[in-house]
Every structure is written in C-alpha cells, then in structure tokens.
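Peer 1: Pulled these from TrEMBL:
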type: DOMAIN; residues: 1-444; note: domain 'Major facilitator superfamily (MFS) profile'
type: TRANSMEM; residues: 49-70; note: transmembrane segment
type: TRANSMEM; residues: 82-103; note: transmembrane segment
type: TRANSMEM; residues: 109-129; note: transmembrane segment
type: TRANSMEM; residues: 141-159; note: transmembrane segment
type: TRANSMEM; residues: 171-193; note: transmembrane segment
type: TRANSMEM; residues: 258-279; note: transmembrane segment
type: TRANSMEM; residues: 294-316; note: transmembrane segment
type: TRANSMEM; residues: 323-345; note: transmembrane segment
type: TRANSMEM; residues: 351-378; note: transmembrane segment
type: TRANSMEM; residues: 390-414; note: transmembrane segment
type: TRANSMEM; residues: 420-440; note: transmembrane segment
Amino acid sequence: MFAACVGGTFQYGYNVSVINAPTMYVQNFINLTWMQRYQTNISQDGLTLLWSTIVSMFTLGGLIGASIGGTLSVKLGRKGTLLANNTFSLMAALLMGLSSTAGSFELLIIGRLLSGINAGIALCVQPLYLGEIAPTALRGAMGMGTSVFITGGILTGQVMGLKEILGKEEYWPILLSTTCIPAALQLLILPWFPESPRYLLIDKGDEEACKKALRQLHGLVDCDGALEDIEKERSNLVGVHAKKPWELFSDRSLRWQLLTIILLNAAQQLNGINAIYFYADYVFRQSGIPMDKIPYATVGTGACECITALTCGLLIESLGRKVLIMGGYVLMSICCVFFTLTLTFQGYSPVFPYLSMVCVFAFILSFGLGPGGVTNILTTELFMQTARPAAFTIAGSVNWLSFFFISLVFPFIVIGLQQYCFLVFLAVCSLVATYIFFCIPETKNKTFVEIQNEFQSSKNKLSRSDGAGTILLSTSI
C-alpha cells in the first residue's frame, strides 16, 4: 500500500497544498520576470490571470490524467501504469525547479499541468490496484490507503511550506520541485511488488504469473482461496472484453452503479469541504489567532483530516462502507446548519467565533470519516474486472470536472450568499445521504461477484414494470 500510494495519491494531496505557501513569492517572481522582459510592471489583472493559470493548470492536467488512466491501466497493467506515471512527476519537478533560474514562469505553468496529469492518473489507477490486490476481508482497509495518503500529502505540503522549513522566499523553487521525492521513492520500492493478480489472470490470461503474484501477496495458505475467487469472476466474464467508458453508459445492467459513482464523485467536491477551507482563515482571525500563526492553525486542519482518515481505515471493516459514508454526509449536513448560524451571529457574542472554529474541525472530521475515503472504495467494489478501469475513468473525470466547477463558481456563490452558501451544501449533503440510504447496498466482506449480484437484485426490484412485471434492468451475471 505504501509503495503504491507514496507516488500515487500522496502526490495529489501534496501538490494541492504545497502551492499555497509560496503564493506571494511566485507572484513577485512573475512581476520581476515581466519587468525584465518588457521594462514595465505587469497589471494587477494580468498578474491575477497568470497566477490563476498556474494554479488551475493542475485541475486541467488532472482531467487529462483521469481520462487516460483507465486505458493505460489495461495496456500497461496497474503496476506498470503507476511506475510510468512517475515520468510526469519528475518532469514537473525539473521544470518548476528551474523556472526561477531560467526566468520563465511558463515553466511553472507546464510543470503544474504535468503534476495534474500525474495526480489524475494516480487517482484513477492506484485505488484500482489496491482494490484488486487486497484480500476480501481487508479490501476496505487497503482502499482507505488512498484517503490516508491524500490527507498525508496535504499535511506534508502544509508543513514543508512553513518558514522554518522551505517557506522562505529564496526556497520556493526547491519547495515546488520536492514533488520528485515521492516519485523516486515509488520507483525504488514498487518494482519489488507484483502486478495485480486479477489483471494477470482475467485481462492477460497468464495463470502462472497470477499464482506467483497471489503467493507473494497472500502467502501459501491463503492463495488458493484468492485464486478461486478470481476464477469465479473470470467464469462470469467469458467472452466479455474490457469496456470503454462510453460503453458503460449504454449498458443497462450497470446503470445504477454508474449513477452511483457519478453522484458520489460529484458530491465529493460539491459537499462544501472547499468552502470550509476557504472560510478557515477568516474563522481563525475572528477567534483571535495572530496572522503569523494562522499557517500553524491551517496545519492543524490538515492533521485533523489525516487522523480522521486513519480512524476511518480502522473502522471500515467493522462498521462497513454504507454506515461510514452515509453517517459522514449526515454529520456534514448538521455542521452546515450550525456553521451558518455561528457565522450569522459572529458579532453578537465573543463565543461564536470559537463555535465557528469547532464547526470547521467537525466538518473536516465528518468528511474524512466517510466521503473522503469510502467513495473510491465503492468505485472499485461496484464494478467487475472488465468494467472497472472505465468506471474509474468516468469517476475521475467527474471528480476533476466538479473540482474545476466549484473552483470557478464558489467565489460568486460566496459573494452572492455569503455565509448562507452553506445552505446549498446542506441540500447537497442531505440529498446524497438519502440516496445512499435507499439505493446503495453494503459491500463489506463480499466478493465482487456477490456485490454485483446483490446490487442487481436490489435494483431489479425497483425497476419492474407496472404491467407484466418485466424486469427493466437485465443482470450481467
């Protein structure tokens, strides 16, 4: 899990947060470079546009990476794709590290684009790899590695950006180029581990390589049971080729699964977690925290989310996926109500700013407890081997598009609704919690074949016609 995640979703979290600390220094560099080229200061609008481009290139790259990740995982294998993906990270580190010396902010733009492609592929392929190598009883805990390493990456980026480490102006090129370290670690460690046994047997038809991988991953005692599980899945997929993303939309047997992952991945970005981080600095200032100490409070929010992800990893196999993700959205709905109230009454009592701070941490805890970690696990579990890469491509694309949408629209929502913007997020969280309660079965301790059968069975009951009782959704098994 460490070998896959350190150069995978850790990179996503790290590159999301590490860009925040050197904001002013990079803007000064852009202004200085512009002056040297054109002998005049850049306009404020021009500076804002260039900085926004540098930041948003990561989102564009993520969308590109998500759109090609599924295809690469079929052609190169899960492990092969993760290893090849480090090329983007190393190139990005080189370009961003040289940008100051070369006097070129264009290198920063290209570097951020490459970092985004790396993160998009990682978010698509790494959960796929972890879900396929894990024993059934540990699949949820292994899948939580995705969330744990994202939050660990965010926290590490925040810590590295502190003035005591690499947060000084002269160090910002080094800070942005440190993305090469996780890539180098993965290139050193991951080659020692096997390819996904499911990929080897079902996609490549290599039974000997599959058995060898299972012995290495599961040990001699448990490898026979794991092989039997994979054989059952393969027997249900005889003659079925790896699906393309557009083929999932025309497959009626996968309609509810597809709707579920689209809804959950969109909600992961649209549930208000970005708004909470946006308001965090304001809440900390209102609570009396000095400006120079706010970065340390922000590190506290990152640590909070990281600890919650670890807690979720410990609970997921006992409580199950459905309880955690639904409970997370219910708690986030409650936090939206209280946060709206505490922000509205900030000036009425000195206690309200502190209550707002409690709401910030409670919301982050609720997000990490369920939606932050369980969403990717469900994307793995709701699909069979031939549909899984395409499902991750769709899920990743929806996630990155939602990320881009909320980044674009959120400032206008805040201007228009101010603190009442959390009522919008309340509606999102409440609707998603309701959908999960009625439409998503529990997947804990079930094989992929059992999950597929149960999902189809429950949806068929909802999809019978009124007249002859014809089942509208055909089962694929």
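Quick reminder: no glycine exception, Cβ is built from N, Cα and C everywhere.
Each of the listed features needs to be described in terms of its position in the shown structure.
Peer 2: Averaged over the domain 'Major facilitator superfamily (MFS) profile' (1-444), the predicted model reaches a pLDDT of 89.
Nonlocal intrachain contacts for the transmembrane segment (49-70), taken as residues 6+ away from its ends with a CB within less than 8 angstroms of a stretch CB, comprise 12, 15-16, 19, 23, 26-27, 30, 42, 81, 88, 105, 108-110, 112-125, 245, 389-393, 396-397, 399-401, 403-404, 407.
Long-range neighbours of the transmembrane segment (171-193) within the same chain, counting only residues 6 or more positions beyond its ends whose Cβ lies under 8 Å from a Cβ of the stretch, are 2-4, 6-8, 10-11, 14-15, 18-19, 21-22, 25-26, 29, 79, 82-83, 86, 89-90, 92-94, 96-101, 108, 111, 115, 118, 153, 160-161, 216.
If you look at the transmembrane segment (258-279), the same-chain residues 6 or more away from its ends with a CB under 8 A from one of its CBs are 248-249, 301, 325, 329, 332, 336, 339, 343, 360, 363-364, 367, 371-372, 375, 378-379, 382, 391, 394-396, 398-399, 402-403, 405-407, 410, 414, 421-422, 424-425, 428-429, 432, 435, 439-440.
Residues 264, 267, 271-272, 276, 279, 312, 315-316, 352-353, 355-356, 359-360, 362-363, 365-375, 378, 419-420, 422-423, 425-426, 429-430, 432-433, 436-437, 442 of the same chain sit 6 or more residues outside the transmembrane segment (323-345) yet have a Cβ under 8 Å from a Cβ within it.
If you look at the transmembrane segment (390-414), the same-chain residues 6 or more away from its ends with a CB under 8 A from one of its CBs are 56, 59-60, 62-63, 65-71, 73, 120, 123-125, 127-128, 242-245, 247-248, 257-258, 261-262, 265-266, 268-270, 274-275, 278, 376, 379-380, 382-383, 421, 424.
Within the chain, the transmembrane segment (420-440) has long-range Cβ neighbours (under 8 A, six or more residues past its boundaries) at 256, 260, 263-264, 267, 270-272, 275, 322, 325-326, 329-330, 332-333, 336-337, 339-340, 343, 378, 410, 413-414, 458-459.
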